[in-house]
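Novice: Before I ask anything, let me first share the structure, which is written out below as structure tokens.
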């Protein structure tokens, strides 16, 4: 299990990609691509737009409050435990399995926010990750060599337990 020490959490305040204020703005970027959502609101917005993420990673909360708007989930559902501020082996294994079970929702007991990092390694080049940036909007990042390098660098700030 990897744990992000509190003193390093500031590193994750900056978005990994381009921020959009409205979900409809990302539609041209995900058309015909494998895309994954991390977060309940982003996953809800995709499903409400009639789009089924290849992998949706949710925890039932947004801004630490229960999120009750989720439409009916499509595809397989995997349940994992991943405490806040961590990336567990269980989460990584579920994300890998989800790639074989598309479409799949990974339902996290704990917190899903950091799932973006392992997804950069698991997804193929050209896949797209969408996640929410509180008070800013929706972040879109395309998986490529540069994104993987950025994620790998951020992982050096974690402690292995």
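Just so it is clear, glycine is given a Cβ too, placed from its N, Cα and C backbone atoms.
Annotations per Swiss-Prot:
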BINDING   40, 41, 42, 59, 112, 135  GTP binding site
Novice: Sequence gap of 6 or more, C-beta under 8 Å: which same-chain residues meet both conditions with respect to residue 59 (GTP binding site)?
Specialist: 40, 107, 108, 109, 110, 111, 112
Novice: Identify, among the binding-site residues 41, 42, the residue whose Cβ has the fewest other Cβ atoms within 10 Å in this structure.
Specialist: 41
Novice: Ranked by the number of other Cβ atoms within 10 Å of their own Cβ, which of the binding-site residues 40, 112, 135 ranks first?
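Specialist: Going through 40, 112, 135 one by one, the largest Cβ count within 10 Å is at 112.
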Novice: Could you say whether, by DSSP, residue 135 (GTP binding site) belongs to a helix, a strand or a coil region?
Specialist: coil
Novice: So, in DSSP terms, is residue 40 (GTP binding site) helix, strand, or coil?
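Specialist: Assignment for residue 40 (GTP binding site) reads helix.
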Novice: Quick one: what's DSSP say for residue 112 (GTP binding site), helix, strand or coil?
Specialist: coil
